[in-house]
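According to Swiss-Prot, the protein has these features:
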type    : residues                               : note
BINDING : 144, 145, 146, 147, 148, 149, 150, 151 : ATP binding site
DOMAIN  : 138-459                                : domain 'NACHT'
REPEAT  : 338-362                                : repeat 'LRR 1'
REPEAT  : 570-593                                : repeat 'LRR 2'
REPEAT  : 692-715                                : repeat 'LRR 5'
REPEAT  : 720-743                                : repeat 'LRR 6'
REPEAT  : 748-771                                : repeat 'LRR 7'
REPEAT  : 776-799                                : repeat 'LRR 8'
REPEAT  : 832-855                                : repeat 'LRR 10'
REPEAT  : 860-883                                : repeat 'LRR 11'
REPEAT  : 888-911                                : repeat 'LRR 12'
REPEAT  : 916-939                                : repeat 'LRR 13'
REPEAT  : 972-995                                : repeat 'LRR 14'
REPEAT  : 1028-1051                              : repeat 'LRR 16'
């Protein structure tokens, strides 16, 4: 057999052998075996020891069967590799509406090329039970879009099985394709087995356990007759000849061969023919990751690194191309087309040759490659092209007619009778052009099957045929009989094609219409002029076609996939004004007024294709309920969705709940902050969380869900196992609401971030949360700030911290906690080994509480972030903290701003910094440490090698303190951020800092805002930057410089340090 595989270059075929057996007894034995008559066969074998079945052991026959399979699938070294990308599949629970109803391209585009998070199953476990109490699947179904590698997967599995790497429970694997089955009108189970084993010179099957046979049926989408399970008569007789589709239906049902395992591969849309109840296991082949795309292209250009870099750059720069390149077959086609383009650029030395921006432009380059147009000048048609133009046009015309009618009839595999019926000259099918478009394959019935290398090529060729035929046709080209109401002129036929495409429920004409539109774009006309198109003929149609397309953007309640496809068609036509205007409105924040059907459709299109919607689609302050409702079908596929501040009320949550409940839902993060959501809206969202399996982050801050809404969400958390982050900040849930949430945390083991700030939570709520923390094993961050838990609430949480060894971040800001509460918290911190961040801002911690903090910090080795801002530490408390800083070996961030700290405490902290080797951030702003305190800290900077950020805003620092800091910066090589805003360093201080900048190489940000620098001070700093190339940002605002002088200094800084951003 001559077979061409998807990863082989165009025009290449492999010689392979079809394996089988002969002998009436052997066939009967196998059929009986598969039909569930194993015991009878064993008895017959025992009575006939001289038979082939009784004379050879099973072990001796299996190697021969394996050798035959290896011969059939070839010896590609990649097959059988444990690192093969098809070594694992995704377990899925069923087909989604998107898979059942939409074109393969639409599936990839709508999901942004990101596959649904799913459980992964390795190939060696594909047919094994998932648990100890389950049974192996009898019928397995693997789905994947066109070109993703379903046949390659089958070959990979067969190769691995033949080498004993997978499927060790099977003694026989019987692979068969629907291309083979299409050659039969009727077939019995008996003849089916004979057709598989027709060429091995002995009966190679023996009586074995019947469940050790795997029948593989590859390519259900290529079956010429749809499977109709409801209208097919049951048949259990393996000798009875019935229609092939009935035979397959009865095998899947188990009426025939009930003991064997059946594995079917299919495109998603065709897989819907099989009732879900008959499928025991469904898997999906994922597309290529970014790294796998790179590897795929590297394999195409192993010795052309420059070319590889150019192709990769173009793919990564064009979002539409990148998304489709997640499909391996398309990735290879793209590589071939772009490789030819860049070679042509090099040959003609024309770097301005335009790069493809649309699919039609890409396929036009592929056609140029197929026509052999290397070295073609962009202004002229090469002699070689001229020589093949007439023959190519005729061949493409006949192939196009075949492709078009196949597309209309959902036919993707053609046989010799089909080729002859459409006037295809079989003798010419081996030329370069045809080998780039078609692949040829011999079937088991010794006939020849043809199909286009990829479905999209069939659609492109069909579009070229329709484009040419519609100029002279007087009847509807979609009508099989050729008779219809007269349609005169290209526009009438284009309108007909657009109507057919937009009315098709399965989207099978979507990409065809895109290509048909793209053939009218100026670039495509230039690329194909003289070969497939006539020069300039697009000009008279282009604007009118754009009007026709825009006429299909109806004011429907929801934007459907067909409407979005119209935007794709306009993009192919290079008529992008509508999409660009909406995209610009999104960037500028003026989207709120764009509510027309065309604007909504363009917005849905941009959700798929625009970088502005990736990784997050931000629709804050711009959506109404009506617009949101129209976008719902497309919001399903957003990874991250921000809908803040849109005045959404409870009815909108019912709509969003329906989206989150959908099987297709891919939303992982959704923010609904600052809307008007009440408890009814929260309940609607909670109902969706009961079934949703994608959402990991839900932000409901600043709404009004109250205790009833919190209870509904808490009940959902008892069942939901995907949500990891929930924000209920500012929702007035009070103690009653937090009690329900705490109860849910006892059983929920996935929530890791819970935000309950500003919810009027008191002692009772804190106690309930503390009890939950003693049992919860997942929560890592609890945001409890701006409530009223007081000391007793803090004591309850402290008791929980003695038990809980999971929580890492605890925020108790502004909770009326005094020394008593802090003291108990610190005792817990002495034994707790997981808490790394503690926020005690805006409480009432005095020097006595600071003493307890010091004792804890000297013993604790896990706390890294401690925030004591706006407490009552004074010098005595800060000095106590300084003792801990000198001894602690884990703290990295310490915030002491606004604590009435003066020079004495700053001196103690300076001494501690000379000993500390972990602190990277110290914040002392709003403390009157003065020049003396600044000098003490500066002295520490001369020896400290870990501090990165120092905040000294509004710290009463004058020129002397600035001079001390300047001296330290000439020595220090680690400090990157120095903030001196709101001090009074003056020109003298500025000069000292400027001199330091000439020598310092580590500082990246310097803030001298509001420091009375004057003109001279600003000039000192600006001049110093000519010798400093490390500073990235400097702020000189709020200094009495004057507008003209500020402009001059800004220009000077930009000249001296072009990489430095200046605010002045």
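Glycine is no exception: its Cβ is also placed from the backbone N, Cα and C atoms.
The Cβ neighbour count for residue 151 (ATP binding site), using a 10 Å radius and every protein chain shown, is 17. Taken as a whole, the repeat 'LRR 5' (692-715) shows an average pLDDT of 97 in this prediction. In the structure shown, the C-beta of 144 has more C-beta neighbours within 10 angstroms than that of any other entry among the binding-site residues 144, 147, 149. One way to see the shell of the ATP site is to take the Cβ centroid of 144, 145, 146, 147, 148, 149, 150, 151; the remaining same-chain residues with a Cβ within 8 Å of it are 152, 267, 285, 327, 328, 329.
Residue counts of the repeat 'LRR 7' (748-771) by helix, strand and coil are 9 helix, 3 strand, 12 coil (DSSP-based). For the repeat 'LRR 2' (570-593), the residues of the chain that approach it from at least six positions outside its boundaries are 320, 358-360, 514-515, 517-518, 520-523, 542, 545-546, 549-550, 599, 602-603, 605-606, 609-610, 612-613, 619, 621-623, judged by C-beta separation under 8 angstroms. Residue 150 (ATP binding site) counts 24 other C-beta atoms within 10 Å of its own C-beta, drawing on all protein chains shown. With the fewest other Cβ atoms inside 10 Å of its Cβ, the least crowded of the binding-site residues 146, 148 in this structure is 146.
For residue 145 (ATP binding site), other Cβ atoms within 10 Å of its Cβ number 26. Here the repeat 'LRR 5' (692-715) has long-range neighbours at 116-117, 660-661, 665-683, 685-686, 722-734, 736-738, 740-741, 743-744, 755, 757, meaning same-chain residues at least 6 beyond its ends whose C-beta is under 8 angstroms from one of its own.
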